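Here is what Swiss-Prot says about this protein:
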type	residues	note
TRANSMEM	1-21	transmembrane segment
TRANSMEM	71-91	transmembrane segment
TRANSMEM	101-121	transmembrane segment
TRANSMEM	145-165	transmembrane segment
TRANSMEM	172-192	transmembrane segment
TRANSMEM	224-244	transmembrane segment
TRANSMEM	253-273	transmembrane segment
TRANSMEM	294-314	transmembrane segment
């Protein structure tokens with residue numbers, strides 16, 4: 001009974017946070033476009049995400065005739081499962097599983113999520129969905145390269161792979177202050193990794209064909225939607241832990257308040273960017289990564305590694 005209770009107390013708060021992030025996004029976009037946003041369902045529109053979720057899950061799932069039924073259903077389930085698994089090593093202030101290679105496991109699980117996008121495009125048996133999924137996979141895999149190198153740079157600085165060590169390292173000074181170019185590139189790469197504006201080429205909502213999920217409706221579409229917003233929150237949580245010190249570990253209640261506040265501010269920045277910037281062209285997206293971010297992150301990674309080696313060679317003061 002206890003493992004089931006633990007799992008529920010771990011999953012339910014994430015799903016509630018995701019539900020209200022969608023409402024926050026619609027409200028922020030509304031006010032930035034000089035309108036109200038959802039304000040009818042419940043007080044101040046607070047019940048809107050619950051109504052939307054119910055509507056999507058009670059709709060009949062439409063399956064085109066030529067699709068691969070097993071893969072079509074498995075893809076959204078895999079997307080949400082991998083999005084949830086990313087949260088297991090994250091300390092809030094205690095992790096669900098205290099892994100020795102916590103940061104690497106997060107990177108590995110997020111890489112697995114690419115399979116769900118590819119499967120969805122393939123199973124739809126539609127050329128538009130397949131082209132959309134290939135484009136999405138190319139974007140996600142490309143930006144994982146810079147995320148991996150930035151992660152390696154941070155590991156070189158902290159000297160370990162655990163999340164707790166990152167918190168201890170930033171006790172006196174944030175890594176944002178010492179590695180701000182890496183932080184900026186990490187933040188922009190997380191935008192691309194989670195398919196958010198101005199990099200939302202994976203699911204161009206304003207386009208005639210939205211992307212890999214063009215054949216999805218109802219419940220399976222809702223699972224993809226939940227996975228996307230879960231990834232947004234988890235990436236911002238990771239950014240907070242890596243660069244802007246989530247808080248004092250000796251005071252668990254302060255740690256949680258600090259972590260949630262900083263993550264919320266980063267998530268609001270994501271929404272603000274969506275309301276402010278137009279979509280990039282695909283060639284600009286790839287040019288930014290392969291010709292600008294990649295050489296710069298590699299140079300900074302080598303600089304940090306060489307600095308540590310050179311400083312360790314300096315004899316101690318008498």
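Positions of Cβ are set from backbone N, Cα and C atoms, glycine also.
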Checklist line | Spatial neighbours of the transmembrane segment (294-314) far in sequence, C-beta under 8 Å, 6+ residues away | finding: 145-146, 149-150, 152-153, 156-157, 179, 181-182, 185
Next item on the list: Count the Cβ pairs between the transmembrane segment (101-121) and the transmembrane segment (224-244) that lie under 8 angstroms and are 6 or more residues apart in sequence, then report whether there are at least 3.
Entry: yes
Notebook entry, point to check: Near the transmembrane segment (253-273), which same-chain residues lie under 8 Å Cβ to Cβ, leaving out any that are not at least 6 residues past its ends?
Noted result: 21, 24-25, 28-29, 32, 92-93, 187, 191, 194, 196-198, 232-233, 236-237, 239-241, 244-247
